[in-house]
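> Below is the structure I would like to discuss, written out as structure tokens.
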């Protein structure tokens, strides 16, 4: 190979070492994609991920995403794809200097904003946490808002201190221990108001059943 050819080959390799492009196809089963760069489309290339050993991550790039092509030795056939670069079609979803912000195609958002120390998850339909041992939340105040119902499906619920509730319905019986104080309303048992019902019979003897 003459000197001119060597220079041209070297220039080609240098041009190909780092290129930008747009993903045009993805093969999720193979973990590969094809990228349009300049006037050509690459072969199926692997994309880079955060971890790929004992701990592994998965976050597939999407069609239309702008990426870098990293070609070792300038050979595009064996290059790797590094997502992603903001573009006019896919601009930055946040302008915060410090926030971690993830926006998904369905509109769901996960964000942690250090300026307000606020973690926000919005736009999701369901959430599931499964633990084989326990789940602990330690916080001064917990607020749960449910428009329909909150279900505690467990053999036992323990409240270690005061319980305040607007209404209470017990369906399968139970026991109470300790002093009970009732004020501000009627307390009835089997249709009889306890503090107003009367008993027939002589006041000096055993009374009858409540009226």
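Each Cβ is built from the backbone N, Cα and C atoms, and glycine gets one as well.
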> Quick test of your reading of Swiss-Prot: among 154-182, 183-211, where does it put region 'Disordered'?
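That would be 183-211, the stretch labelled region 'Disordered' in Swiss-Prot.
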> Return the residues near residue 50 (chloride binding site), defined as same-chain residues 6+ apart in sequence whose C-beta is under 8 angstroms from its C-beta, sorted by sequence, else 'none'.
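In sequence order, 57, 59 meet the Cβ cut-off.
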> Quick one: what's DSSP say for residue 50 (chloride binding site), helix, strand or coil?
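Assignment for residue 50 (chloride binding site) reads coil.
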